[in-house]
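Participant: Feature list, courtesy of TrEMBL:
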type: ACT_SITE; residues: ASP67; note: active site, charge relay system
type: ACT_SITE; residues: HIS135; note: active site, charge relay system
type: ACT_SITE; residues: SER466; note: active site, charge relay system
type: COMPBIAS; residues: 137-147; note: compositional bias 'Low complexity'
type: DOMAIN; residues: 1-34; note: domain 'Inhibitor I9'
type: DOMAIN; residues: 58-507; note: domain 'Peptidase S8/S53'
type: DOMAIN; residues: 294-379; note: domain 'PA'
type: REGION; residues: 126-148; note: region 'Disordered'
Amino acid sequence: MEGFAAQLSDSELDLLKKLPGVVAVRPDTRLQLHTTYSYKFMGLTPARKDAWYQSGFGHGTIIGVLDTGVWPESPSFNDRGMPPVPGEWKGICQQGQDFDSSNCNRKLIGARFFTKASPANTIQEYASPRDSHGHGTHTSSTAGGASVPKASVLGNGGGVARGMAPGAHIAVYKVCWTNGCYSSDILAAMDTAIRDGVDILSLSIGGFPLPLFADSIAIGSFRAVEHGISVVCAAGNSGPLQYSVANEAPWIATIGASTLDREFPAIVQLGNGEFLSGESMFPGNEFPSTTKEFELVYAPAGGKKGSEFCFAGSLPKVKIQGKMVVCDRGVNGRAEKGQVVKQSGGGAMILANTAINMEEDSVDVHVLPATLVGFTESLRLKAYINSTRNPRARIVFGGTVIGKSRAPAVAQFSARGPSFTNPSVLKPDVIAPGVNIIAAWPQNLGPTGLPEDSRRVNFTVMSGTSMACPHVSGIAALIRSAHPKWSPAAVKSAMLTTADVTDHSGNPRVFAMGAGHVNPQRAIYPGLIYDIRPEDYVTHLCTLGYTRSEIFTITHRNVSCSELLKMNKGFSLNYPSISVIFRQGTRRKMMRRKLTNVGRPNSIYSVEVKAPEGVKVRVKPTKLHFKQRNQVLSYRVWFISRKRMTREKLSFAEGHLTWINSQNHLTRVRSPISVTWKRK
């Protein structure tokens, strides 16, 4: 037995810590939960011989999803056309409240629930793998949901809904409940998933950055990677703050969120004839009466504290009856504000972004006619309200529009790097669609998820790095299906080195988007990969100064760092991205990298470098000639700082290093470079 979870008194805890066989005692921490079109936006289409065909749509791969459970009756989990359950699968369909083995099939091949940290008798929800919240149904269908024709959310965003790997099997591990997701349940589920035989683990769960030895997801995922399982996690929704990225272990694929070029216009026409652009998924086109003009009101006189945010009980009915209420975004939920307005007698709502949200446009299927406007438009809206005694407005709903906006761009909320605990590895790794994603939804909830919402749908819209993560889990399943013998590091390298580089996300870009926007089309055949063995991660932990007991806590390997570092002089982790840190007094850094040829034999690659500002970059050799498939060649790269240390504690620069196939010039193996100067 390597460990256990227990409820202990303080004195028992002290006693346990002193026992000679005890390596570490960690408190149970509570973590939080961080599509009809996104697959097309990413270039996946069943109409031509693309990544879906080359990978068999993910056939034979098993994606394990740790989340709030699943609604098995959703059409996204229909097993029509699915191959038999893989013979090596050891999982079960765990019986519980309103759930038994008949709820599993060839698509949903396993389902379990974990309640030790959140005992079921204290939870007013299904004591079974059945989903009470919708989040898990949404994420698992995004990763591997079946094709569902004529899918929409009350008429918006219509099309064929498909997961990223529609041919993959799904196994669900319910670890998140009303009061959160506890680390002991998560660790137990990861251990079980490894034994069950999953190929990919998808976790849209996280908290704040933690040292790796105190991070249960980092510890559980190291064990998974040792067993050849790719682990994909959400980066978190604490952006745009620097150092906010979570799930930052180097063996995890850490995913930020990006936008799609799909909009749901709901324009505000003010009484003075001006227009404000907004977005909403309220089915306004189905109710012509919703376009009528309303009197506008914001933070009404006589309202209680928090009326500008439309808190429950803050709006005086007499002041807002039949009017359009402006609610500032923040504190309480977006859709919840609409419910408060509706209960107080309001006729419509404008949700106004504040300086925190800027122009970020997460839409909702509101319970009343409503739209969301960006920060710039909200300032114009409030200026208009203050300019007249009788402010009036109407909302004009425009349905679904594709291709009119610049995308992908990094979502405002997507957590940013650099990594707080390990800046020598660039995080997040990549970005993927995470704004206004349509995916499966339980039939016991309305599209807003609010208890008062009596409407019923098979699909709804959600935003977050929680939605971006399963996109990449599905793409990892496609790569794994095309290359079943590849290591988790090889799968991740394929996604990082072939990512699209977008330029709409502010400065510095690499800490927002990592290597770029994931491109499944190119990731299937990346040409070259940067491979990493589990023992390389152990050496990397030594270079970070982790102690013997801390490394044992993470890896369950008893190692001598002095011996390891003596054997691996000048070690640098063979990561697909490059992060250089110049501390005061340091002007030169050298790094080694190894590339494995997974393309054709007799391939020649030449290097192209865009040096970060203030840094000279030298690469040796500048050409790599791979005579055979799976041949490994190495190169060294020197970084020489030409920048004087300024008074600023921190400064950054970025560039890239790309190996280009000399024969076809199409295969490009790109590594982003981030450079940090630290005064201390």
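Glycine too: its Cβ is placed from the backbone N, Cα and C atoms.
Keep in mind that what you see is a predicted model, and the values were worked out from it rather than measured.
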Participant: Rounded to a whole number, how many Å is the Cα of ASP67 (active site, charge relay system) away from the Cα of HIS135 (active site, charge relay system)?
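Facilitator: Per the Cα atoms, ASP67 (active site, charge relay system) and HIS135 (active site, charge relay system) stand 7 Å apart.
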Participant: Could you measure between SER466 (active site, charge relay system) and HIS135 (active site, charge relay system) for me? Cα positions, answer in whole angstrom.
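Facilitator: Just about 9 Å between their Cα atoms.
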Participant: What's the number of neighbouring CB atoms sitting within 10 A of the CB on ASP67 (active site, charge relay system)?
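Facilitator: For ASP67 (active site, charge relay system), the count of other Cβ atoms within 10 Å is 29.
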Participant: Please name the residue among the active-site residues HIS135, SER466 whose C-beta has the most neighbouring C-beta atoms within 10 angstroms.
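Facilitator: Selected residue: SER466.
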Participant: Which whole-number mean pLDDT does the model give the domain 'PA' (294-379)?
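Facilitator: Summarising the domain 'PA' (294-379) by its mean pLDDT gives 89.
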